[in-house]
Amino acid sequence: MNLLVDGGRHREALLALEDGTALRGRSVGAEGETFGEIVFNTSMVGYQEIVSDPSYAGQIVTFTYPQLGNYGVNEKDMQADALHLKGFVCHDACYTPSNWQSVVSLPDFLASRGVVGIEGVDTRAVTLAIREGGAMRAAISTTDLDPKSLVRRVRESPHIEEHNYVADVSCKEPHVVRPKGEVHHRVVAVDCGEKTGIVRRMAEVGIEVTVVPWDTPAEKIIAMEPDGVFFSNGPGDPDTVPTVPETVRAILGKLPVFGICLGNQMITLAAGARVEKLPYGHHGGNEPVMNLLTGKVEITAQNHNYGPVFSTFGPLVPELSGGLTEHPESLLTWSRMHVAPVAMNERYGRIRLTHVNLNDGTPEGIQFLDLPAFSMQYHPEAKPGPNDSAYMFESFSRLMDGREDYLAIDVREGRRF
Ligand SMILES: NC(=O)CC[C@H](N)C(=O)O
């Protein structure tokens, strides 16, 4: 690798992983040093939405797509005002973007926001290390270029589970986002690190959203008399966010509820079920998911390291689960049987598995059959990613209209975005 490829303008940087991997490259973005949990994202476009997604707080993001920044950074694709990710790793960053909407290059944008990054490393090797060793602690440094020293310091750095990142990224004051047209529903969104893309999707289907801080008490939310409550995506380990499952518990059954990603995990915890850390998570715009209600496969955008364990919701209801009495070892069984199984939850009654990931058989969506609530582990708003699941926002509207078939929308029937 020629570190002087750009005339030596950029300093050398070092990437070190907990497993001992150390790779040299060039500094991109801010110089300095950063520690965080390293993950890889497989999206081929949408780097701006990814770097501005608050769910990446505490994480260093490696992009598997080799060239980043070609179309620059614009004013409308931001998913939050601030950048919360800890670090940026890519193979080749573009300093001369070309796009009519671009206002700044990606490297200059990262530098101006203080994000430390590295380019010129073999991102295939980094990705393989994460696939083998799991999402692990890592560091990027332009000041400590000694691999032994940086690896040692990575091993001494805190784990992501030790900090409540939701408190860092949530809004501090409530604010309202209104649709351009007629208002059909009013919703309170509990902001655990909400992407603006979600609020915009809601506005597109006529939902007025009042975004409130993550620790807003349930009584206050109920007193606002919304048509429904939304629990957002957000960073970190769901177990570090103690009060939100209690908020969910106080609202479930009283008002229609919808959750995405961390919101889905909060709803899972509220039901007394378990959320587990996946080996290296799902981060990208090409995750195949089967909607078990329609039998259709949706290509989805995802960004999570944790996920619910469906069997912990309760025992199967055999007559609603294809006659099976025991949870099968792999949830892929349900996609083969074309059955959306139902578990009997102690607290909330029947809970149905509606979506399953076809890569690894992890649960991607649930629906409460005895009260108005559903939630998704993936990102129907995409931003970035395919729009196959955008009908979910229409589903939320239908849920608030009291329609029983709210979730089983034929993709072609849903609104086109
Ligand atoms: N996008 C999200 O909401 C991520 C949720 C959670 N922080 C996880 O990694 O699983």
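Glycine is treated like the rest: Cβ placed from N, Cα and C.
Together with G234, G236, L262, Q265, N303, Y306, TrEMBL lists one candidate of S43, S52, S55 for binding L-glutamine, that being S55.
Distance noted between the C-alpha atoms of S55 (L-glutamine binding site) and H379 (active site) is 12 Å. Note: the domain 'Carbamoyl-phosphate synthase small subunit N-terminal' (11-141) comprises 26 helix, 50 strand, 55 coil (DSSP; helix = H, G, I, strand = E, B).
Among the active-site residues C261, H379, E381, the ones whose Cα sits within 10 Å of the Cα of N303 (L-glutamine binding site) are C261, H379.
Highlighted here are the recorded positions (G234, Y306, E381) whose C-beta falls below 6 Å from ligand 1: G234, Y306, in sequence order.
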